[in-house]
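Below is one structure, written out as structure tokens, with a few remarks after it.
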Amino acid sequence: MLFSKSLVALVACFLPLIVSATELKLRNAAATNVAADSYIVVYKDIDDSTFESEMFNVHSFLSKRDSTFRGLGHKYKMPKFKGYQIESDMDTVNRISQSPHVAYVDKDVKVSAYDLSVRIGAPWGLDRISHRNGTSPGLEEYTYDSSAGGGTTIYIIDTGVYIEHVEFEGRATFGANFIPGSPDTDEDGHGTHVAGIAAGANFGVASKAKIIAVRVLDANGDGKGSNVLAGMQWAADDAGKKNQTAKSVINMSLGADYSEAFNKATEAIIAKGIVVVAAAGNEDANASGVSPASTVDAITVGATDRNDSRAAFSNWGVALDVFAPGVDILSAWIGGKDANKTISGTSMACPHVAGLAAYFIGLEKNGTSTPSKIATKIKGVATKNVVLHPKNSRDNLAYNDDGY
């Protein structure tokens, strides 16, 4: 009897796959910077049992249809976001998408780190975010509460982190690696630089926060959206297992063409109680066209220079919540335990604000922090009306509320 019920369920599931396929439920059809023949199938808000049945049936169908099928890729299972990555041809994905449980399909967008030019400079950014009225020339003075993000964790979803760097004082660990065949370290430098800005001993905003590296980009700073989503889920699950959700921040100094799957996954993580901070992007374009920057409840960060002018490369628009220093930023680098480098990008602005988020969470005495409260705090205390040429963006410049 149990076998009969299973058989009926299996046949019912495959009806949409057997009939003529109708229009593919593809949301980001215009995206061009994508991984070939790779898709993310996103389901409606179904229960875990139904989702597991869907994956089993799709796997069975594809195994019979294609002898070279190697199985489904990353699986994503979070509240209000369930799906998986699949490598297959458009016709096959079209048929799979006809299941009544499938909400939509996204092309697997390519993701890149947001760094730019290299130049000798100094960590003036810390000085700026702790002073209302500009930097202190020659002083590089950072005024902050000595709690400095203690008791919080910042997940750096990036190229990895060189955790042995002296800037991290043993506070950095390597959490997970989603680049097959790569070592558990940073081969590019971008992730280490970002981590240094967020929580380095000398370069960092929250210098007592823990750092956990989640590698989703390769040695060139590139990767696939499906790997980034897997890294995001790992970070959310890790924070949950440690009962540290309310004390965790995810930094995403990376981006891709707009992807609804990307944004929905980001919203799902925020709904779990984790602050997500995203770089606006470096195309001098509307940030509403990139992900995860366009996610409504993420804290999206644009870049400014020493003169409080929006950086020429920084994306802009209503998706931005706040600006932060992002030009000529000095931080940790790879190649030696005390290596450093000065680079620019919204990738550098983003960890200033991720560090601020951890800093403000650390100041909470009763542990009632939420992503909404932290976002409101960051936008509320930001220095207003000082950013030059914000270009239809909120004129907020990040501030730690402890300087003068």
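In case you wondered, yes, glycine gets a Cβ from its N, Cα and C as well.
Per Swiss-Prot, the features are as follows:
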{"type": "ACT_SITE", "residues": "Asp158", "note": "active site, charge relay system"}
{"type": "ACT_SITE", "residues": "His190", "note": "active site, charge relay system"}
{"type": "ACT_SITE", "residues": "Ser347", "note": "active site, charge relay system"}
{"type": "DOMAIN", "residues": "38-112", "note": "domain 'Inhibitor I9'"}
{"type": "DOMAIN", "residues": "123-404", "note": "domain 'Peptidase S8'"}
{"type": "CARBOHYD", "residues": "Asn133", "note": "N-linked glycosylation site"}
{"type": "CARBOHYD", "residues": "Asn243", "note": "N-linked glycosylation site"}
{"type": "CARBOHYD", "residues": "Asn251", "note": "N-linked glycosylation site"}
{"type": "CARBOHYD", "residues": "Asn286", "note": "N-linked glycosylation site"}
{"type": "CARBOHYD", "residues": "Asn307", "note": "N-linked glycosylation site"}
{"type": "CARBOHYD", "residues": "Asn340", "note": "N-linked glycosylation site"}
{"type": "CARBOHYD", "residues": "Asn366", "note": "N-linked glycosylation site"}
{"type": "SIGNAL", "residues": "1-20", "note": "signal peptide"}
Compared by Cα position, which of the active-site residues Asp158, His190, Ser347 is the closest one to Asn243 (N-linked glycosylation site)? Asp158
Specify the count of other C-beta atoms within 10 Å of the C-beta of Asp158 (active site, charge relay system). 30
Between His190 (active site, charge relay system) and Asn286 (N-linked glycosylation site), how far is it from one CA atom to the other, in Å? 24
Fewest C-beta neighbours within 10 angstroms among the glycosylation sites Asn251, Asn286, Asn307, Asn340, Asn366 belongs to Asn366
Of the recorded positions listed here (Asn286, Asn307, Asn340, Ser347, Asn366), which is spatially closest to Asn251 (N-linked glycosylation site) when Cα positions are compared? Ser347
Recorded positions compared (His190, Asn243, Ser347) - the one with the fewest other Cβ atoms within 10 Å: Asn243
Given the recorded positions Asn286, Asn307, Asn340, Ser347, Asn366, which one's Cα is the least distant from that of Asp158 (active site, charge relay system)? Ser347
Pull the DSSP breakdown for the domain 'Inhibitor I9' (38-112) and write it out as helix, strand, coil residue counts. 26 helix, 28 strand, 21 coil
